[in-house]
């Protein structure tokens, strides 16, 4: 019995430590590592619960899914409205080459591909579930930026730039409290883009 309890305690501590100081943090928001099965970190049960919570807001405000881009009267949705999929546009963020490579063009074009992240890390390194509720008519999109590798004239998804880490404000959901938040989530970590 003691061995069984010890095993459960070790498993619990391992899970907590992995989530608290996660060594498997994605390089960028939309790049989900598979080592810990992160692609399925948000279960179907959780997705359904989030869908229901978002639907409750739209029902309360009497807003159809089609008109949900105005985000109703909920403060988290109003504040984080910039990244709603129907209204988001590719931004003018650029990544610049390191000094002293002046002979290369200084800017990389913004990639036109977007993704719909299901989880991310806040600027405090805390794991968050990012709200995606397609059935209720609410989806959040983040554009993938290309960065320049050190000393290279090629724009790609790897390498480094001189700018600070880019962050976006997205609607997140606290499962325990059933509350929506608008929080700063890291977009590019290993390949920072200008925010």
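From the backbone N, Cα and C atoms, a Cβ is placed for every residue, glycine too.
Residues or ranges marked as signal peptide by Swiss-Prot on the basis of experimental evidence: 1-20. Summarising the annotation, Swiss-Prot assigns disulfide bond to 80-182, 85-141, 95-189, 108-161, 147-191, 155-193.
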Distance from residue 141 (disulfide bond) back to residue 80 (disulfide bond), taken between C-alpha atoms, in Å:
12
Roughly how many angstrom lie between the C-alpha atoms of residue 85 (disulfide bond) and residue 182 (disulfide bond)?
16
Sorry to bug you, but what's the C-alpha spacing from residue 182 (disulfide bond) to residue 141 (disulfide bond), rounded to the closest Å?
15
